[in-house]
Amino acid sequence: MELENIVANTVLLKAREGGGGKRKGKSKKWKEILKFPHISQCEDLRRTIDRDYYSLCDKQPIGRLLFRQFCETRPGLECYIQFLDLVAEYEITPDENLGAKGKEIMTKYLTPKSPVFIAQVGQDLVSQTEKKLLQSPCKELFSACAQSVHDYLKGDPFHEYLDSMYFDRFLQWKWLERQPVTKNTFRQYRVLGKGGFGEVCACQVRATGKMYACKRLEKKRIKKRKGESMALNEKQILEKVNSQFVVNLAYAYETKDALCLVLTIMNGGDLKFHIYNMGNPGFEEERALFYAAEILCGLEDLHRENTVYRDLKPENILLDDYGHIRISDLGLAVKIPEGDLIRGRVGTVGYMAPEVLNNQRYGLSPDYWGLGCLIYEMIEGQSPFRGRKEKVKREEVDRRVLETEEVYSSKFSEEAKSICNMLLTKDSKQRLGCQEEGAAEVKRHPFFRNMNFKRLEAGMLDPPFVPDPRAVYCKDVLDIEQFSTVKGVNLDHTDDDFYSKFSTGSVPIPWQNEMIETECFKELNVFGPNGTLSPDLNRSQPPEPPKKGLFHRLFRRQHQSNSKSSPTPKTSCNHRINSNHINSNSTGSS
């Protein structure tokens, strides 16, 4: 039994390390899998793609890189890209250096005498920006200037880009992105845990070598529990939220027996494990603060989509290889209709907000209560309304949430005590974060006084703890309880509409990020010499014929050999014998 677990872990660790070869986990045929189509095959895509500047040139990672390459080949446009880069750099500059960095931008790009002066930013706006820089520089100082540059770029430069070989190449990448996804797209590894409808296992994309977690939802189990809307809801929310602090959905596909969500893999274990199984319960405040800041950023990204998470607890916060966290398991998350409130008594005992327990209507407020519970538990080493391993009825825990105040030990600084107290306010209208400003109000609390959120969001701050890369932070394979067989449920054609809505293939932004991170983009995104067209982009050059299979090559070679033979009856007989022999062998090996 122990041997089986060791083997499963060893295979997984080798895959995580890239297999130990030069291809870093990529298939031998990865270039064939990601071979660009001839541009003539992309005409339908060209006609139907949404020609929105922000979508094509800013939001989509490969689109952004290709538009950048286009601008760098136009001397008059290169300075605009450099300006936007410097503004992005300014926004993550430490506060004490903002003044100097701001002056650098003003001098280089917003001074008329400069050789790279950007005239598209109006003089009135330049004057206002300069005045603010002298008074009190802030992170958003150049936002309006950057918007002016985007307003210019989305005009003539964008339309020129749409007629360039760089946009043609983008269409080729989109064609690859939209290819069917099946179980053969991946290699499967050990089971990592269980979800509500099936197992979660590690997997690896054959073409790129990138590791993911595959959440299998068994079709019969979904149907038996009438979980179709819940499963589709989670998939659609994951698809829309693009956040480095929430697990990303990269692929959604189906097999004969299951629906599969391919998600960011988090190899560092969950917060519950780290709070209770790594020395004394709880964290030092500095570590708790870092995780709280990243959780807050994840909530902010969800709330931006008007989505309330409703299940904040340590088990649902996962660590990656580097020690950064992501919110996982969006099964209870729900999108709130614009201008409306919802009702629903869902969540985990001890973490549900008073308004949820009382079945009142609510918006985003339960998530700020959940954040308060998490900060408290990370510092204290137990949840605010239930002792560690305390045996107590659900009704008693609910009563404590509604009627009692949490107790603070000497582990809490004044700032930590204050933020927990304000987040755990029982009246949601008075709770921190539940006013118009939302997460921005929480970020301004003194607890986060020394946290640079711009640098955090840019991934520039080092986590306080890095997981051991040689460890597998999950239960032994045989300790993960297996699901029983679902009986008495039959799948039929009436389920197909649901499956088609679920199985939509690759998700654009995560897929494009995968191509960039695994260096597939760098290696494949090659044009002709001196900025000329590559053969696959040349409309006057016909596409290469598809490669013939082994059987075709063998048969053709035999046919050519026989054509050279003398047409005597004896040779003709030998021809028939040889031809049959070749066919027999070919069929046997196919």
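Cβ atoms are placed via backbone N, Cα and C, with glycine included.
Feature annotation (Swiss-Prot): of 20-39, 380-399, the stretch labelled region 'Interaction with calmodulin' is 20-39. Between Ser136, Ser365, Ser534, the residue that has phosphoserine written against it in Swiss-Prot is Ser136. Checked against Swiss-Prot, the residues Ser428, Ser484, Ser506 yield a single entry marked phosphoserine: Ser484. Record check of Thr129, Thr425, Thr485 in Swiss-Prot: the feature phosphothreonine is attached to Thr485. Straight-line distance linking the Cα atoms of Gly198 (ATP binding site) and Asp311 (active site, proton acceptor), rounded to a whole number, equals 19 Å. When the binding-site residues Leu192, Lys194, Gly196, Val200 are compared by Cα distance to Asp311 (active site, proton acceptor), the shortest distance belongs to Gly196. For the region 'Interaction with calmodulin' (20-39), the number of residues in each DSSP class (helix H, G, I; strand E, B; coil) is 5 helix, 0 strand, 15 coil. The Cβ of Leu192 (ATP binding site) has 22 neighbouring Cβ atoms from other residues within 10 Å, across all protein chains displayed. With helix defined as DSSP H, G or I and strand as E or B, the domain 'RGS' (53-171) counts 89 helix, 0 strand, 30 coil. With a 10 A radius on its CB, Lys194 (ATP binding site) counts 16 other CB atoms from all the protein chains.
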